[in-house]
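Enquirer: Relevant sequence annotations retrieved from TrEMBL are reproduced here:
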ACT_SITE  K65  active site, proton acceptor
BINDING   S14, L15, S16, T61, N85, D100, Y215, Q243  shikimate binding site
BINDING   G123, A124, G125, G126, A127, N146, R147, T148, V149, D150, R151, A213, G236  NADP(+) binding site
DOMAIN    6-87  domain 'Shikimate dehydrogenase substrate binding N-terminal'
DOMAIN    116-189  domain 'Quinate/shikimate 5-dehydrogenase/glutamyl-tRNA reductase'
DOMAIN    238-266  domain 'SDH C-terminal'
Amino acid sequence: MDVFGLLGNPVGHSLSPPMHEAAYEELDLDARYVTFEPAPENLGRALDGAAALGVAGLNVTIPFKQAVLDHVEPDPLAARIGAVNTVDFSTTPPTGANTDAVGAVRALRHHDVALEGTAVVVGAGGAGRAVAFGLADEDISVRVVNRTVDRAESLAADLREGGFEASAHGLDALDGCLADASLLVNCTSVGMETDETPVPEPTLHSDLVVMDAVYAPLETRLLREAAAAGATTVDGGWMLLYQGVEAFERWTGEPAPVETMARALRVRL
Ligand code: NAP
């Protein structure tokens, strides 16, 4: 039996176990997906233990996404993002990927969004870095907008260092940044469990595709107002789904049963 899992603290409410186990069942794979909650100071020992026990793969979430870089060989994209959320133990040392980046891109592809032009990424934390690099890798020019402008500047500088086109702005520049943009992705936590939005309603327009990384609730205020402005919307459940799909495919080498995984996720969101 192959053992996969999620390493984080806390991980009690994670939707990854039912999403991955639905895929194993659908494809008749002899595999289980379990959660592990080590104390932060035990991360290295937990990863060594997982490797020694023959664990096949682990997803990694808060608070370990950055710290895990000290224990695995990141692929180039994960190294540039500075965070890993998927570890593959089939190699020595284990390799690390960031499937949030590819997951965001695949979520947009699922909705037939043209991956071109200029994107505004609001937020420069973990999700913002992953989404910005994922979009930049598709040759999309990225405007990073963040409450703390220093963090936006640091992310934009990292993007430019990677050879990508990027600029940095404060929240007060959103209007100008969005005017000629084709894509907006909210990567802040604003809107999570509250009816708030980081993007003023009048800046939204019908030529935009608006994706929210926030998935609780699925219909955030931002997406509600974007839809009212005539924009195309993509909720955060799609990014959550496709980061899992991408991890599944990297671990098993098989195409993921996307609809089965989506169903397992949607009934719980
Ligand atoms: P994080 O690293 O803590 O970053 C939080 C970001 O939100 C920062 O850019 C922060 O700005 C900004 N922010 C927080 N409060 C704000 C406020 N009141 N006004 C304006 N900006 C504010 O968090 P994260 O890991 O990137 O996660 C962000 C969100 O994405 C969470 O809701 C998370 O659940 C979601 N997410 C979803 C997926 C998915 O698969 N759908 C994957 C990853 C994350 P400052 O830099 O100024 O503090």
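Heads up, the Cβ atoms here are built off N, Cα and C, so glycines get one too.
Unlike curated records, TrEMBL annotations are generated automatically.
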Enquirer: In sequence order, which residues at least six apart in the same chain have a CB under 8 Å from the CB of T61 (shikimate binding site)?
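Expert: The answer is L6, L7, G8, V11, S14, N85.
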Enquirer: So, three-state DSSP: helix, strand or coil for D100 (shikimate binding site)?
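Expert: Where D100 (shikimate binding site) sits, the three-state DSSP reduction gives helix.
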Enquirer: Could you check the binding-site residues G123, G125, G236 and say which one's CB has the fewest neighbouring CB atoms inside 10 Å?
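Expert: With the binding-site residues G123, G125, G236, fewest surrounding Cβ atoms within 10 Å: G125.
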Enquirer: Which residues, same chain and not among S14, L15, S16, T61, N85, D100, Y215, Q243, have a CB within 8 angstroms of the centroid of the CB atoms at the recorded shikimate site?
Expert: L6, N59, L240, G244
Enquirer: Can you give me the Cα-Cα distance between G236 (NADP(+) binding site) and L15 (shikimate binding site) in Å, rounded to a whole number?
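Expert: The separation of the Cα atoms works out to 13 Å.
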Enquirer: With every protein chain in view, how many other Cβ atoms are within 10 Å of the Cβ of R147 (NADP(+) binding site)?
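Expert: Step by step: centre on the Cβ of R147 (NADP(+) binding site), count other Cβ atoms within 10 Å, giving 14.
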Enquirer: What is the maximum Cα to Cα distance, in Å and rounded to a whole number, among the residues G123, A124, G125, G126, A127, N146, R147, T148, V149, D150, R151, A213, G236 annotated as binding NADP(+)?
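Expert: Taking every pair of listed residues, the largest Cα separation comes to 26 Å.
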Enquirer: In whole Å, how far does the CA atom of G125 (NADP(+) binding site) lie from that of K65 (active site, proton acceptor)?
Expert: 12
Enquirer: In whole Å, how far does the CA atom of Q243 (shikimate binding site) lie from that of A127 (NADP(+) binding site)?
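Expert: Rounded to the nearest whole number, the Cα-Cα distance is 12 Å.
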Enquirer: Taking only C-alpha atoms and a 10 A limit, tell me which of K65, A127, R147, R151 are near D100 (shikimate binding site). These are the recorded positions.
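Expert: Near D100 (shikimate binding site), where near means Cα within 10 Å, the recorded positions are A127.
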Enquirer: What is the interatomic distance between the Cα atoms of R147 (NADP(+) binding site) and Y215 (shikimate binding site), given in whole Å?
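Expert: Each residue's Cα considered, R147 (NADP(+) binding site) and Y215 (shikimate binding site) end up 21 Å apart.
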Enquirer: Can you work out the mean pLDDT of the predicted model over the domain 'Shikimate dehydrogenase substrate binding N-terminal' (6-87)?
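Expert: Computed over the domain 'Shikimate dehydrogenase substrate binding N-terminal' (6-87), the mean pLDDT is 97 on the 0 to 100 scale.
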